[in-house]
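Q: Take a look at the following structure, please.
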Amino acid sequence: MVTLHGUACKLPDTELENLVKGIISEDDLKHAKVGLGDDAAVVIKNGMAIVKTIDVFTPIVDDPYLQGRIAACNSTSDVYAMGISEIIGGLVFLGIPPELPVPVAKKMLQGFQDFCRENDTTIIGGHTILNPWPLIGGSITGVGKEEDILTKAGCKNGDVLILTKPLGNQSAMALSRVTEEFEDLIDIPKEEQKYIFEKTIELMTTSNRIALLHLRELENELGEKIANAMTDVTGFGILGHSQEMAEQSDVEIEISCLPVIKGTPELASLFGHALCSGKGAETAGGLLISTKPEYKDKLIQKFKENNVYAFEVGKIVNNGVGIAKLSENVEILEI
């Protein structure tokens, strides 16, 4: 029904910049602590940080309940990527084809709401339209302390980058859409294909709130902030989102490791995806944390003790450059 699935349907970042250029001025954003260019907008009101974001996308799986969970995971992630763990509610946007049975749409909503409940929040309203193809997402509002806000702009020279989920779900989900007539082109045993699909669903429905809470737990134990900047890895790939961090922090980032779901490099090559060049689109990807080097081992240990993936994927190597690049001998680490 659709040709672009999940976060792969996002408008490319360069086109997005051109779209909003000249429309929203700096004066328009004078009351916003964080405006365009970050994971979410932040307004400070009476000492409280109000975090607003919206994410809507096309289906990435056939199962409507799972699609709802994935959409909720992806929509809420931008609030968590700003360092805020409390979401006060979400307004769900739903596009329904006229021929789509109501029970299918209800399953999408149920998946979205169940994910919200598991993360101590809820659907509080929304908007539904008739549309030629299904759409689901939401406008999410988080609240927290101003000092807890993390943006893409805080990277420091010498920082280490930690990623909390492996990459590759674009290629993994493309595998699930291969029809019987083309199955012979996939030189991966059925058991491995099953692993790829199940691991990908697990990752796309694992909330980034879990990693954020353990980051905050470690900071409380140490009595010090250890994350300088943070984002999540979604439609622009790890290199694209690292580039955003590099530009906003005015630093040079070098990505030395690409942790990927086992089997996805082969699939990416087959499907023409840019996974191994760091530009593969991710849906509901992990947090990318720029942390002080003296705390990286403690952070990795904290994550691993709590069943959160933790990969050291790169570092900040220079000031005043504003560019992200892959190492010449970048490691492809299959998980």
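Glycine residues also receive a Cβ, built from the backbone N, Cα and C atoms like all the rest.
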Q: Could you look at Asp39, Asp114, Asp250 and say which one Swiss-Prot places alongside Asp78, Asp232 in the Mg(2+) site?
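A: Answer, per Swiss-Prot (Mg(2+) site with Asp78, Asp232), from Asp39, Asp114, Asp250: Asp39.
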Q: Give me the CA-CA distance between Gly126 (ATP binding site) and Asp78 (Mg(2+) binding site), in Å, as a whole number.
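A: A Cα-Cα distance of 18 Å.
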